[in-house]
């Protein structure tokens, strides 16, 4: 491939991972965004989307030279919107160049004409002229600072240069220095991603105006929302150390992730064990975001789809761990988690010093503590990271990740957690995440049983179940979970999104957790009995909402 000469401001076609080439513009990255090591790359903002990324130079092509070629191979609606945004940007930039020189000439003529008409002939006229000149100077100073964000006539020139070439605008305070006129281009993009690639998330700030919005993004956002552009403020991720009332210290972090955006994947080799409802979605998102992944499952056929998508196949858990830097596992219960680590050709046989193991299974604190001890005893690093969510959230990369254990490993998993989830929390020492996950699922399982109980009570008392749902959706209990589960029940759709047998398992473990500290859990205990009845009715492999059937049989 012949070397391509590219520079700042060039329009390009950029290819990111498995996504098709997309039109973008080479721009300066934000100051706090480090350039990835390795091959030469440019920071590109993509037209028609809210994404930006570091793109390797070999994945970039000049826009105009390859325009026809790219349009032929991509016919999608969003792609066409992106191309339209490029053309609009070019049209506006061209119009700006033409009007800029015309305006400069008109300004000069107006100034000359004004001088001829304003020659002073008396003392009063001299005083008027003096006042007028003072106002003109003040306004000219303000014109350099005031660059309107709502203007549709923007080009590629800097704010300072545009202000010098255009006539003075509205009155205001003069600039203190030229630094006020230098606005990072990155402040114009809405909803940007967080993490190693983007390192921050853009959010609107109502108190500040947009100082200099990039025209093509301004055009796209207006065309989609029909609202004026607003300013976006960089918010860096923070780890917050919270001192609890008990005196113990827990480290918590809420890290926003790159939902539907671009992520710079870690250069570490990733392994993944367990391709069930949750694991399948997680692996799919890891691959989409460019991670190198080796997979294994007890059912070998489950690996085939991911091999086609670019994953590598591991023959045993031990082989996966020995060939990868960080290995994740997501299995059904404590017994499966132990067998995976301690069984024949298990994880423990592949552990070497500095090898990393992340258990994403929902298990009890004793189990995860035991696994951590045997991994660390071999020189490995351990992190527990159970996930809150369901199959759909897993597929969408919108899980909530609860992590505890090796803090450094948690940070090393950053790009992986961003690919698979919307938020991650670091909860301190091993066992904390397991306890928190069981409590979360205890609340969810109990709520689901209450929903089913309410729907059946409405039915037997002659009330409309749909009307009950409508009322609940208009009140304080309204949620996606409530609406989806009720709709599925009313439609008789119990396709598993979260297996009933697993929520019952989590209720059982949560009750045991309460017993261990002499804390009563009567609501969870009652819900657990209803789920046990549903299991007796052969509902184990249906969705948790099938607990409804325990009330009607």
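Glycine too: its Cβ is placed from the backbone N, Cα and C atoms.
If you look up Swiss-Prot, you'll see 168-180 marked as DNA-binding region, on the strength of a curator's inference.
Sequence annotations record features per position, and here Swiss-Prot assigns NAD(+) binding site to 271-285, 362, 505 based on similarity to another entry. Close to residue 283 (NAD(+) binding site) in the fold, though at least 6 residues off in sequence, lie 272, 275, 293, 295, 306, 311, each with a CB less than 8 Å from its CB.
The feature compositional bias 'Basic and acidic residues' is assigned by Swiss-Prot to 92-145 (among others).
What Swiss-Prot records for 162-182 (among others) is compositional bias 'Basic and acidic residues'.
Residues or ranges marked as SUMO2 cross-link by Swiss-Prot: 135 (among others).
Annotated SUMO2 cross-link per Swiss-Prot: 176 (among others), in sequence order, evidence recorded as similarity to another entry.
Residues annotated as SUMO2 cross-link in Swiss-Prot, with similarity to another entry given as evidence: 179 (among others).
If you look up Swiss-Prot, you'll see 201 (among others) marked as SUMO2 cross-link, on the strength of similarity to another entry.
Annotated SUMO2 cross-link per Swiss-Prot: 211 (among others), in sequence order, evidence recorded as similarity to another entry.
Feature annotation from Swiss-Prot assigns SUMO2 cross-link to 227 (among others); the stated evidence is similarity to another entry.
According to Swiss-Prot, the SUMO2 cross-link annotation covers 237 (among others).
The feature SUMO2 cross-link is assigned by Swiss-Prot to 240 (among others).
DSSP assigns residue 269 (SUMO2 cross-link) to coil in the three-state reduction, placing it in neither a helix nor a strand. Taken from Swiss-Prot, the feature SUMO2 cross-link covers 269 (among others), and the record attributes it to similarity to another entry.
The SUMO2 cross-link annotation in Swiss-Prot covers 302 (among others). Long-range Cβ proximity for residue 302 (SUMO2 cross-link), meaning a same-chain Cβ under 8 A and a gap of 6 or more residues, is found for 275, 280.
In the predicted structure, the domain 'PWWP' (8-66) carries a mean pLDDT of 82. Here Swiss-Prot flags 8-66 as domain 'PWWP', drawing on sequence analysis.
According to Swiss-Prot, the feature phosphoserine maps to 130 (among others).
Helix, strand and coil counts under DSSP for the domain 'PWWP' (8-66) come to 6 helix, 23 strand, 30 coil. Counting every protein chain shown, 16 other Cβ atoms lie within 10 Å of the Cβ of residue 269 (SUMO2 cross-link). Among the listed binding-site residues, namely 271, 274, the Cβ with the most fellow Cβ atoms inside 10 Å is that of 271. Long-range neighbours of residue 362 (NAD(+) binding site) (same chain, six or more residues apart, CB within less than 8 Å of its CB): 386, 434, 437, 438, 441, 502, 506. The number of other CB atoms found within 10 A of the CB of residue 280 (NAD(+) binding site), across every protein chain shown, is 21.
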